[in-house]
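Peer 1: I have a structure here, written as structure tokens, and I will follow up with some questions on it.
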Amino acid sequence: MDHNSPKSRRSRKPEPKPDIYSTFVVHSDSDSDQGRDRDKRKAKPEEDENVDLYATMVYKGDSDGEGEEDDDDDSMLPPLLKRLPKDFGGGASLDYDDDDGDESGDFGTMIVKTDRSSHSKKNSPYSSKPRMGVSPRRRARGGDEESSDEEDEEEDDDDDDGDYGTFVVKSKDKKGKKKDKEIDMTTMGRAVASMQKSNFGGKTRKLDPSSSSSKLHGEDNRKMQQQNSKMSTTSLPDSITREDPTTKYEFLNELGKGSYGSVYKARDLKTSEIVAVKVISLTEGEEGYEEIRGEIEMLQQCNHPNVVRYLGSYQGEDYLWIVMEYCGGGSVADLMNVTEEALEEYQIAYICREALKGLAYLHSIYKVHRDIKGGNILLTEQGEVKLGDFGVAAQLTRTMSKRNTFIGTPHWMAPEVIQENRYDGKVDVWALGVSAIEMAEGLPPRSSVHPMRVLFMISIEPAPMLEDKEKWSLVFHDFVAKCLTKEPRLRPTAAEMLKHKFVERCKTGASAMSPKIEKSRQIRATMALQAQSVVAPSLEDTSTLGPKSSEELGITVPSKPPQNSTEAPLTSTLNRQHITGNTVLAGEGGDFGTMIVHGEDETEESDSRSQLVREKESSSSQFEGVPREFPGEELPDSWIHDKKKPPAIDLPVEASISQSMQASSSHEHRTKLHNIAGTQMEGGSDASGSTLKNETVGRKAFALQDKLWSIYAAGNTVPIPFLRATDISPIALLSENMIGGMQQDGNGTVAVEALQELFTSSDPQSKKGRRGQNEMPLPPSVYQRLTTSSSLMNLAQVLAYHRACYEEMPLQELQATQEQQTIQNLCDTLRTILRL
């Protein structure tokens, strides 16, 4: 019992911790029996003046109780992370800025005095563990005389036994005092004010002496002050300093804003080096702050030419400042957006080679990036490749996403991540393969599909490939195929991919990217001049546009703000040029980053108002039946955005009427359509007369659009991955008498009615009584395609069958849910094929 008594005390759940802690000493007796010794320690522990042995242990929360949870957490870790040493990244330390409820960071030193003499008849002033939660608080208030006497008695004993003392110091909560004054301040203003309110005499934070026991005197007081100073300097990682960053850096302008905070471009006052500073609000992300601090310590160990350097971190009361290397070339995704061109194969090989070097280094130090994409592959002004936006930003994004909406898109996710299996650094290899397709084609695979459906498609579909088989070399095709191996065990590592011929034969250096970077810089400068000539706001308003839009270090943003009154404000050319007719959410197709910076260089208010009026007129004219201003051959399409090139696609008049009427069934499609309609109504039917100089797309994009249009015009369909064969019930195709008395005649009335309901109703699962109020006649072209295609007729008939089952059969909850999903899949399939 003598050796187990400290452990038994640690295993018990500690009481809720008070705001102020004082000294506590635990005495153990080795001569008593186990049961009687435990009872006596609870009632009246012994004390002796001649103590010859001290045992020190660190008390941190409920260590034994949390051990089982830690084991469970370890079992859930990926294999790569399970190999990490226990102290990798730094352990949890005392955090003076955390809430009282967070117990992970509060620990001190507990001195255990072991007594080997016989039992003393003296009553000890110390009780068992519950006194930890009562006595210190009463002593701090000074409201309990008995407690004060007991403490004085303990101090006398301490003087005899020798100098020792134990304590846990927790600073007072200071967060509630400054809320009202900072409401109207900007993020930077609040952060600077927060820094200036802190004490920046050095790297140590001055502790409030009132937080310790007011009864300590003499040598004990000096010991406690020394220990206070020691704990305050070691409570924060060495990488986080308490200096005010505004005294070391000159903040130039804001580069962007995300869910975690803001990114600023700054200049080092001593070296004149340009850096990027992320300002993170701690009050919004405290639940993950311990992980963030540990991640910062590990990031300081990263030292590789292909990884963005983290130059340091600064902590105020409410803000964390992370200083990192500034990449003036922007991200690869922004480079393609600005120049409106995909990359050449030799440029892709160079970027993949450098990115693999950075990934191999990160994996060698047991670090997984988890967010490789074109927006996080950064370029310096000289063309060097850097991997950015990992570690702190990724951890913060995951923390913030717990209380915010879904951040980012899953197009780059590996199958094992989506299936929530264990994964390692090979997920970065998969993401690099998707990024290679993104660099070659301008957009990642399945870019026009809703993110939630992409999760489903990545899991069940074959791995994506390069679309143009003839344009790219065989080694490039093989490189992409190796990266996109669905089975993680068969997928090569980053170090193995460095030996692939595609990157091994690449002899180009950073100069390969110089032409693109220079062209991008010129385009941005032109955009900035155009913005200043159209609008005349302050320089601060225009400083975030143009050249700075892509400098937020790894966050993909729409690079080209609207320049003319006739332009849709959220259109990004490259992000829209490959979107095909199966787009479900037209407004979300191309913004893949975790942050969007909206430009403000719009035209004057009068032009905006007139444009809005034109858009309303054009949209109303379309949905009345036949468009007024459009000849049949020039109806704009949802994925055609070239307003300068004369239309190369001829649509039948019947199809144009069909398109305009179908647009009423989709709000997103209608928004796109009337934006383009306003443009052509102003300039007549000749689209080449418009002034949209910055919305042209390349010939390669139009070649793909022509190819897709020819598929649709020929009546063919692309494979529909989300429709299963089991959805098509045989009874729906073979039975003449369907349930509910629905009779099917030779003309396919049931199928036509089902398609009519699909065309009219935006809710595929709405009840019959609600349909029919806003019915519109089925367009002749759709009716003709339905009656001449047995496949479409079967699909429509199956839809009618499942709707009848859902509406008229008594189904259990699970069966009803399955029917709803089947109906939704069939509706999506028909809408995709018929382009509703």
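In case you wondered, yes, glycine gets a Cβ from its N, Cα and C as well.
Quantities reported herein were computed from a predicted structural model and do not represent experimental measurements.
Quick paste of what Swiss-Prot says about this protein:
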ACT_SITE  Asp371  active site, proton acceptor
BINDING   Leu255, Gly256, Lys257, Gly258, Ser259, Tyr260, Gly261, Ser262, Val263, Lys278  ATP binding site
COMPBIAS  1-12  compositional bias 'Basic residues'
COMPBIAS  28-40  compositional bias 'Basic and acidic residues'
COMPBIAS  64-75  compositional bias 'Acidic residues'
COMPBIAS  95-105  compositional bias 'Acidic residues'
COMPBIAS  145-163  compositional bias 'Acidic residues'
COMPBIAS  224-238  compositional bias 'Polar residues'
COMPBIAS  562-571  compositional bias 'Polar residues'
COMPBIAS  606-618  compositional bias 'Basic and acidic residues'
DOMAIN    249-503  domain 'Protein kinase'
REGION    1-244  region 'Disordered'
REGION    539-571  region 'Disordered'
REGION    600-640  region 'Disordered'
REGION    760-780  region 'Disordered'
Peer 1: Just how many other Cβ atoms lie inside 10 Å of the Cβ on Asp371 (active site, proton acceptor)?
Peer 2: 23
Peer 1: Within 10 angstroms of the C-beta of Leu255 (ATP binding site), what count of other C-beta atoms is obtained when all protein chains are considered?
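Peer 2: That number is 26.
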Peer 1: Could you check what DSSP calls Asp371 (active site, proton acceptor) once collapsed to helix, strand or coil?
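Peer 2: Note: Asp371 (active site, proton acceptor) is coil by DSSP, not helix or strand.
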Peer 1: Between Leu255 (ATP binding site) and Asp371 (active site, proton acceptor), how far is it from one CA atom to the other, in Å?
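Peer 2: Distance between the two Cα atoms comes out at 20 Å.
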Peer 1: Do you know the mean pLDDT across the domain 'Protein kinase' (249-503)?
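Peer 2: Average per-residue pLDDT within the domain 'Protein kinase' (249-503): 84.
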Peer 1: Give me the CA-CA distance between Val263 (ATP binding site) and the residue listed as 'active site, proton acceptor', in Å, as a whole number.
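Peer 2: Distance between the two Cα atoms comes out at 18 Å.
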Peer 1: So how many other Cβ atoms are close to Val263 (ATP binding site), meaning within 10 Å of its Cβ?
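Peer 2: Summing over all protein chains shown, Val263 (ATP binding site) has 25 other Cβ atoms within 10 Å.
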